[in-house]
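According to Swiss-Prot, the protein has these features:
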type	residues	note
REGION	1-28	region 'Disordered'
MOD_RES	19	omega-N-methylarginine
MOD_RES	21	N6-acetyllysine
MOD_RES	36	phosphoserine
BINDING	53, 105, 106, 107, 108, 172, 173, 174, 425, 510	ADP binding site
BINDING	53, 105, 106, 174	ATP binding site
BINDING	104	Mg(2+) binding site
MOD_RES	184	phosphoserine
MOD_RES	202	phosphoserine
MOD_RES	288	N6-acetyllysine
MOD_RES	302	N6-acetyllysine
MOD_RES	319	N6-acetyllysine
MOD_RES	326	N6-acetyllysine
MOD_RES	444	phosphoserine
């Protein structure tokens with residue numbers, strides 16, 4: 001009877017007899033959360049594994065509106081994936097961080113993180129505490145960075161051949177790899193023109209503007225020292241101006257409007273005539289002031305309130321032989337000013353000759369039946385900026401070409417930041433695995449075990465490269481291990497030839513910063529995921 005009462009009146013008090021059961025259930029929950037987080041994050045890594053390397057596959061992504069993207073750039077794939085699980089979202093952020101830091105290696109970093117998480121699962125199942133795993137991984141990372149730095153070789157920015165090889169390696173895994181002989185030199189030239197090789201420590205990629213224009217093929221891509229705009233020249237008569245004096249205005253060349261709540265009542269035609277005459281005189285006065293400064297090319301910022309340029313103003317500008325390009329986007333203003341040395345003018349009273357930029361030539365160029373481009377070249381006081389014009393037969397090709405060029409530019413930026421190169425083709429990862437395994441033998445206890453697991457996880461990159469290239473991953477990785485054990489540090493997988501060779505001789509190289517950043521960011525993310533033992537939903 002007393003037992004019945006106890007069971008009816010709710011859960012038993014936590015006496016010494018049944019404290020164990022409740023505590024055991026609590027102890028079980030963090031482990032479940034951890035495994036759930038790890039499996040969600042691993043699912044994301046597995047999704048993009050097949051797109052690693054030159055023989056990697058591409059993904060076709062369709063968004064809600066039906067727009068299609070074809071790419072094998074890890075950051076782009078993950079950005080467009082709808083990931084709901086918070087731990088999986090951490091891997092998307094990881095890829096984004098790698099894209100910002102290095103610009104390349106966005107797929108590798110996620111695959112390394114996935115492999116490290118796989119190792120964590122095995123260690124956790126053996127009963128090793130997450131904190132011990134986390135601290136051991138940090139030790140392994142520090143040792144790993146030393147190993148990578150030892151493997152690297154310094155590079156000079158004057159060594160053009162090496163820069164080209166790095167850019168080509170980056171482009172080889174892209175859809176546009178067959179055009180790497182055109183795009184690599186273009187990327188190297190672009191970066192070299194916007195920096196001073198002797199003193200530069202970074203590259204501001206905003207100084208390299210990529211303009212996309214539909215039509216033609218990727219062979220028609222070009223590098224322009226100057227400014228290229230996709231907007232058309234507004235007045236049809238003037239298409240070429242030599243010794244151009246260029247003004248950039250942010251106000252409208254049209255009749256001023258009343259406030260929203262004001263009205264003008266016109267009772268007869270004489271009053272109407274007066275309004276029109278006043279409008280004509282107002283616009284003519286604006287145009288005369290522009291002409292007085294010596295301006296013969298006028299760029300007008302896009303306006304959302306009213307017409308930036310009325311027909312009447314265009315008529316007067318045409319008469320005064322001033323070339324007009326309207327609808328300049330607000331975000332392009334800074335680049336335009338830096339390129340041609342002009343200053344934006346917000347009011348006609350500030351429009352003076354010293355606000356103008358000057359250039360040898362401003363012209364509208366026809367593109368063999370696929371539209372027109374407006375070019376300004378031969379700037380007299382050029383800022384260190386260049387424009388890359390990307391052409392392609394359809395939107396998908398142009399967008400992928402733009403992403404590929406961006407990656408190649410980022411690779412060269414990495415070399416400017418950290419002037420060291422490292423072999424590609426899975427060579428650094430195999431070397432890491434080998435050297436960290438040796439290092440683990442010098443440690444004792446659980447640490448040794450965890451560092452060994454970290455080392456084994458590094459083999460995922462060469463294994464995936466081999467798998468994607470149609471080679472046998474097990475025999476390839478085993479042979480790589482043997483060759484590295486014999487001291488051949490730069491031996492890696494030559495995907496093009498389908499075998500193992502000295503990767504440095506094949507000129508498959510990547511910046512040290514890409515590998516260092518990938519290893520650091522992947523380890524940090526894995527340590528964060530390991531430390532999470534509960535997920536709390538809030539409203």
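Cβ coordinates come from backbone N, Cα and C, glycine included.
In sequence order, no residues are near residue 444 (phosphoserine), counting only same-chain partners six or more apart with C-beta under 8 A. Taking the recorded positions 36, 106, 173, 184, 202 in turn, the residue surrounded by the fewest other Cβ atoms inside 10 Å of its Cβ turns out to be 202.
Here the CA atom of residue 53 (ADP binding site) lies 12 Å from the CA atom of residue 104 (Mg(2+) binding site). Here residue 425 (ADP binding site) comes close to 462, 465, 492, 493, 494, 495, 503, 506, 508: these same-chain residues lie at least six apart in sequence, with C-beta atoms under 8 angstroms from its C-beta. When secondary structure is read from DSSP and collapsed to three states, residue 105 (ATP binding site) falls in the coil class. All protein chains considered, the CB of residue 319 (N6-acetyllysine) has 13 other CB atoms within 10 Å. The distance from the Cα of residue 108 (ADP binding site) to the Cα of residue 36 (phosphoserine) comes to 23 Å. For the recorded positions 174, 288, 302, 326, counting C-beta atoms within 10 A of each C-beta gives the highest total at 174. Once the Cα atoms of 53, 105, 106, 107, 108, 172, 173, 174, 425, 510, the listed binders of ADP, are compared pairwise, the greatest separation found is 15 Å.
Taking the Cβ of residue 105 (ATP binding site) as reference, residues of its chain lying under 8 Å away and at least six apart in sequence are, in sequence order, 98, 510, 514, 515, 517, 518. The Cβ neighbour count for residue 53 (ADP binding site), using a 10 Å radius and every protein chain shown, is 25. Counting only the Cα atoms, the space from residue 53 (ADP binding site) to residue 36 (phosphoserine) is about 29 angstrom. Mapped onto three states, the DSSP output places residue 326 (N6-acetyllysine) in strand. Annotated pair residue 184 (phosphoserine) and residue 174 (ATP binding site), C-alpha to C-alpha distance, rounded: 12 Å.
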